[in-house]
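Below is one structure, written out as C-alpha cells; the observations come after it.
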Amino acid sequence: MVSVEDGDEKKQDGCCKVFWKFMFSHIGLCAMVVLYSVAGGFIFEHLERENEKAVCTESLDEYVPMQDKTLENLKKVILENNLNTDAMMIQMKSILQTFRNNSLAIGYDGRNCDGYGEPNGPTYEWSWAGALMFSVTVITTIGYGHIAPKTFWGRLVCIAYSLLGIPLMLLCLANIGDVLADIFRFVYSKICCCGCCRKKQKDKVVSIKPTSEEPDSAWNDKTKIIPNNKAPMGTEFSKIQDDSTRPKIKTVDIKTLNKTDLANRNMAIRNQPMIVDDDSDDEDDDFDEKKVTVPLTVTLVVIFGYIMGGALLFGLWEGWDLLQSAYFCFVTLSTIGFGDVVPGTDFDNPQATAQLILGAIYVLFGMAILSMCFALMQDEIISKCTWIGQKLGIVDKEQDDD
Amino acid sequence: MKGKKEKMDDEEEKKSSAIDCLIEHASIAAAIAEPEDDIDDKGERKQTVVRSQVTRQRRYKATCKEQTAVCLKRFCVYMASYVGLTCIVVGYSILGGIIFVELESDHEDRIQEVAEDLMNTHTSRLNQRLRMILQQHNFTRIVDLSETIKDELQDFQQQTYQLVNEEGWNGDYEMGNDTLRRNKWTFSGGLLYSVTVITTIGYGFITPRTTAGRAITMLYALIGIPLTVLCITNIGRGMASLFRALYGGTFCVECRQQFLNTVKNKRSNSTAIDTIELEKIDPDQVSIAEYNHTHQETEVPIIICLLLVAWYIVFGAIMFSIWEKEWDYFVGSYFCFITLSTIGFGDVVPGFSNAEWDDQVKQVTCSLYLLIGLSTLAMCFDLMQQRGIALANKFGKFIGLVKPGD
C-alpha cells in the first residue's frame, strides 16, 4: 500500500539515488575530477595571488636597504684605499660575498614588484592556469613544488583539498582504468583476430570453475580495487594475490538481465563448470566470456609511446632537449614530481597559460592511461611471476606461497 | 591469521632448516667423494660398482637439484619475511644514495667554482670601471660611482640567481672566519633523494642536474618504485596482523569471550556450530563485526586506524618543529601531511632549511620518518580494508550500482 506521500518520498529518494548513481558512474566521476580541479584553480588563485605580490614587496623592502648598505661600504673602501689594488680587491670581494649571501637569503630576484599584472611586468605564478596545474598536481599526488602555498589558509585548504581530492582521483582512475582496459582489449582482439587468431581459439576450450559467490558486478570488482588503490602507492599486488585463486568471470551487463535470469545464471554457475563455446558469430558473447589477454609488451609500448609523445611535444614547445623532456614526462607520470622542469614556467613566453593547461591535461590523461595499463598488466604479471616461480622451484605447481 | 609467536616459531624453523639443508648438502657431497672400497679387478663388480655410482650420482643430482630448489625457496621465503623486506628497501636506498652522490657531486663542485669565478669577475670588473671613472673625473664626482656600483651589483645578483635556479647552486655561509659550503649532495642528502624517488614523494629541492644523473634516476625509479610498493605493502600487512593480534588480545575483551564460547561449543557439538555459522554468513542481516567475531578475526574499527595516522602526523610535527627553529606546529604538520600523502612539494623540509644546514642526523631521520610513515599508512589501509569494502558495498547497494546478491 503506497500512499501519495510515500510515493512522493520515493520519488525524491529515487531522484537522489539517480543523482548519486550518475555521479559515481564513469562519466560522472570524470566530470567530478575535472570540475574539482577547475574549482581548485579558482580557490588557490584567490588565496595565494595577493600573497605573491605581498611577498615580493616584502623582500624588495628588505633588499633595498641591504643594497644601500653595500653601496656605502664599497664607497668607503674605495675612498680609503685610493684604488690601491690588492688591499681594495680583498675588501671589495668580501663585501660582495656578504652581499651575495644576503641577497640569496632574502630571496629577491630582481623583479619589478609593482608591475605585477601589467604588460611589461612580471606575470603572476598564481594565475588561474598556474593554480589549475597546482590543483592537478595535488590530487594526483605529483606535487611539483615550484609553486606551493605560503599562506596559512592556503596550506590548510591544500590539506583539506587533498584529503578529498586524492580518494576521488583514485576512484576515478580505478573506474576509468577498467573501462579503458575493456575498450583496449576489444580493439586489440579485433585487430588481432583477423582470421589468424580465430583458428587457434577454436581449439581452446576454456572451462571456468564454479564460484560460490555472487557474480561479479562491475561495482564489486571495483570495491576490491578501491581499498587497495587507496594505499599510498597502489597495492595492486595485494589485489593480485587476493584474486589469483578465484578466476574472474567476465560480467554480462547485469542491467539487461532481470532477476530470474540472474538467479538462473547463479544456479548454473554454481552447479556446473561453464564451458565457453567458440561460436564467434556472437561477438558480444565472445567478448564477455573469454578474456583476451593483451601481452605485456604491448602495454609497455603504450606507456613508452605516451612518454615519448609527451617528450616530443613539450620539447618542441618549451625548447627543451629530448632527454630533459623525457625526464619531465617520466617524473610526472610516475607521480614523483620534482618540479625542477615544468612546462609553462617560463613566464616571458606569452603562451605560458596554454602550456600550463596543456600540461594539466597531459597529466590527467597520462594517469588514465597508466591506470588502464595496470589493469591490463595484472593478469600477465601474475602468470609471469607464477611461471618464474615454478621454474625456480620456489612455487609448487599446485599452490602459491603467500 | 597466525599469531606473532607462531610466526616467530616458523621463522626459527625456517632458519634451522636452511642450515640443515646446507649440512645435508655437504654430507651428500662428502659421501660421493669417498673413494670406492670395492674396486676389484673383476669386471662385473666394477661395472655394477660403476653403475651404482652412476645411479647414485644421478640420484645425487636429483637430490641436489631438489635441495637447491628447497634451499632457494627457503631463502626467498626468509627474504620475503619482514626483516628481509626492510633490508631490501633500506639497502636499495643506501645504494641509490651512493650512486647519486657519485654522479652529482662533481657537478656540484664545478658549480661552486663557477660561483667563485663569478665573484672574482665581478669584483675586478667593478674595480676597473671605478678606476676608469675616477681617473676621468680626477676623484671629484661621487654620484656616478653609485650608479655604476648599483648597476654592477644588480648584474652580479642576476647572474647568481641564474646559477641557483638553473644549476642548483646552494650558496655558502660564513661561520666566523670560515666560509662553509652548503653541499646538497652529501651522503645523507643522496639517501633522502633516493628515498623520495622510490616512494614517489619527490621533493625537488635536490635534483640531478647532469644527464647521467637524470637517466639513472629514471632507471632507478623504474626498478625501485614497484620494489618499494611490494615491500611496504607486505610490511604493512605484517604490522597489521601484529596490530590486530594486540588489539584483539588486549583491548577487545568481548572478542576473547566470543572466542572462548566458540571453542567450547566446538568441542561439545561441532555440527551445531557449522549450521550456526552458515546461517550467519548472510552479510546483509548480521553486522560485519559479529561475523568476524565468530570467525575469530579481530576487526579494528576505522576510527582507530585514522587516529593512528593522525597520531603519527602529530608526532612528526612536534618532533620537527622542535628541531627547526623557524617552524611552528602548523608548518610541521603541513610538512608531515604533504610527505605522507606522497605529494611532496619540498618547500619545507627539515634539515635543509637555511638555518640548519649540514645536519646529517636530521636528514637521515627524515628519511627514516618517511619510510616508517608509509609503512604505517600501509598498515592502516590493510586494517581498514574489510570495513571499507563492507561500507562501499553498502553504499553501492544504496545508490543502486550493486544489485543485492544471492
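Note that the numbers count up from 1, one per residue, in the order the chain is shown.
Keep in mind that glycine also has a Cβ here, set from the backbone N, Cα and C atoms.
What TrEMBL records for this protein:
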type	residues	note
DOMAIN	A:124-180	domain 'Potassium channel'
DOMAIN	A:302-380	domain 'Potassium channel'
TRANSMEM	A:18-44	transmembrane segment
TRANSMEM	A:126-144	transmembrane segment
TRANSMEM	A:156-176	transmembrane segment
TRANSMEM	A:292-314	transmembrane segment
TRANSMEM	A:326-344	transmembrane segment
TRANSMEM	A:356-377	transmembrane segment
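Under the criterion of 3 or more C-beta pairs below 8 Å, with sequence separation of 6 or more, the transmembrane segment (A:156-176) and the transmembrane segment (A:292-314) do not qualify as touching, having fewer than 3 such pairs. Taking Cβ pairs closer than 8 Å, the transmembrane segment (A:18-44) reaches residues 126, 128-129, 131-132, 134-136, 138-139, 149, 154, 157-158, 161, 164-165, 168-169, 171-172, 175-176, 179, 360, 364 in its own chain, all 6 or more past its ends.
Residues 129-130, 133, 137, 140-146, 303, 306-308, 310-311, 314, 317-318, 320, 352-356, 358-359, 362-363, 366-367, 370 of the same chain, all 6+ positions outside the transmembrane segment (A:326-344), place their C-beta atoms under 8 angstroms from a C-beta of that stretch.
Sequence-distant neighbours of the transmembrane segment (A:292-314) (same chain, 6+ residues past either end, Cβ-Cβ under 8 Å): 184-185, 188-189, 192, 320, 322, 325-326, 328-330, 333, 343, 359, 362, 366, 369-370, 373, 376-377, 379-381, 384. Each residue in the domain 'Potassium channel' (A:302-380) gets a DSSP state, and the totals come to 58 helix, 0 strand, 21 coil. Mean predicted confidence for the domain 'Potassium channel' (A:302-380): the pLDDT average there is 87. Counting residue by residue with DSSP, the domain 'Potassium channel' (A:124-180) contains 41 helix, 0 strand, 16 coil.
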